[in-house]
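Only one structure is covered here, and it is reproduced in the block below.
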Amino acid sequence: MVVSTYIGIYYNVVICIAFYYFFSSMTHVLPWAYCNNPWNTPDCAGVLDASNLTNGSQPAALSGNLSHLFNYTLHRTSPSEEYWRLYVLKLSDDIGNFGEVRLPLLGCLGVSWVVVFLCLIRGVKSSGKVVYFTATFPYVVLTILFVRGVTLEGAFTGIMYYLTPQWDKILEAKVWGDAASQIFYSLGCAWGGLITMASYNKFHNNCYRDSVIISITNCATSVYAGFVIFSILGFMANHLGVDVSRVADHGPGLAFVAYPEALTLLPISPLWSLLFFFMLILLGLGTQFCLLETLVTAIVDEVGDEWILQKKTYVTLGVAVAGFLLGIPLTSQAGIYWLLLMDNYAASFSLVVISCIMCVSIMYIYGHRNYFQDIQMMLGFPPPLFFQICWRFVSPAIIFFILIFTVIQYRPITYNHYQYPGWAVAIGFLMALSSVICIPLYALFQLCRTDGDTLLQRLKNATKPSRDWGPALLEHRTGRYAPATAPSPEDGFEVQPLHPDKAQIPIVGSNGSSRLQDSRI
């Protein structure tokens, strides 16, 4: 919940910036195409301005043009970068200098939270239908951009740069850490979202098939999107006569600086810009739905009273309002500094730690044999040997080594040429620890309340499943979970759910299946 809270706060700010660029693209000429705007500096040199200079027909201005081109090549500040830094963000000089709240971004943040709330107003019943669109339409946009990108001059150069490995980077821990963070982000590992959404499935749902399909589709989509991005960047590099590495960027710079600038070179550039940012909005909303539903479901299930089950819409509204209020500082002039701080510390390092502890706890404390039997009871067959080996040995080892090397090769966060102060880095570490610390704190709490004469006895009792552990519905309690004496109608007993205090309110899942509120494992 802590991790999902952090991500939900700043992730919607990224969506709101995409909304801002989407609305700004509704014009004949993109506002970041030229350097003739009030916010531009003398160092600004746009790719379209350079084209006008080189295609000009006045010999008298040749010397001035050459000096401009020399400055353009060696000390170039693109109009898209200045639009991003000086107009959209009005970036301050320090993370502690919040300046003013950017009202256009604040308005777009409100729009994004309203959209998220309306799509989740009826829980997974409404979001399940919306996700069919938000998850499939980006493929249409990607295909359109891919076909347009590969037909451009220089696209092959960009694609080859994308596909050519840089073997010297393989020994850098940051590369492996970034790769782990990317997989955790795209697959949703250790967020709680997978557990939340899976709880709406039928008990015997084939989660093995689903996990294989999702993993392959996810990674294939990432590779496919790389072709879309680097074909356009290759075209831009060819237009400028520079290497692709000079125009490629990472983080917000790729989505809001490099790629938008490349789009200005295309005919009918506002159309391509609208498609691109609409795709970003849909991708972001799909993630935000899962984050918000995770928080709402956790709150509702933890309270578990009938009144909160009936008022789940108000819980969703409360979480959305709280997320909007907590996101306001990120729309200030120092907001991008805080956004990147949360992204680097609150939702990257902690995910690796949580996932490593999760693997060790399930495999070696709960027991791999118990876990494999549980899966076999739900699927009807045991998990394949490959997964058993990965869960027990490979995954924990890889995650652990990534964690160790990340700590050894740790470098303080920077944004462009800005070095974060020590107090800001300390806040980042506190955010990272705030989620991880929940695990040992609750372990100590459980240890203190567990019966036992000695500490060792308490530890043994605390690491055993509770007596009512098992499938939530009695009809699914088979094998080692079967009751010792099954009640019969002749005995005058009535079969009751494990948690009679919870109202059995049917909820339609995203796959159309009805699920009772108390039917989780």
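We number each residue from 1, going along the chain as drawn.
Cβ atoms are placed via backbone N, Cα and C, with glycine included.
Only one of Cys16, Cys35 is recorded by TrEMBL as the disulfide partner of Cys44: Cys35. Separating the Cα atoms of Ser186 (Na(+) binding site) and Cys35 (disulfide bond) is a whole-number distance of 37 Å. Excluding Ser186, Asn218, Leu283, which define the Na(+) site, the same chain contributes Tyr185, Leu187, Thr221, Ser222, Thr287 within 8 Å (Cβ to the Cβ centroid), listed in sequence order.
Every protein chain considered, the tally of other Cβ atoms within 10 Å of the Cβ of Ser186 (Na(+) binding site) stands at 15. Reported as a whole number, the C-alpha separation between Leu283 (Na(+) binding site) and Cys35 (disulfide bond) equals 31 Å. The transmembrane segment (271-292) is in contact with the transmembrane segment (183-200), judged by 3+ CB-CB distances under 8 Å for residue pairs 6 or more apart in sequence. Contact between the transmembrane segment (212-237) and the transmembrane segment (136-163) holds: at least three of their C-beta pairs are under 8 Å, each pair 6 or more apart in sequence. Between the alpha carbons (Cα) of Asn218 (Na(+) binding site) and Cys44 (disulfide bond) lies a span of roughly 38 Å.
Taking the Cβ of Cys44 (disulfide bond) as reference, residues of its chain lying under 8 Å away and at least six apart in sequence are, in sequence order, Cys35, Thr77, Ser78, Pro79, Glu82.
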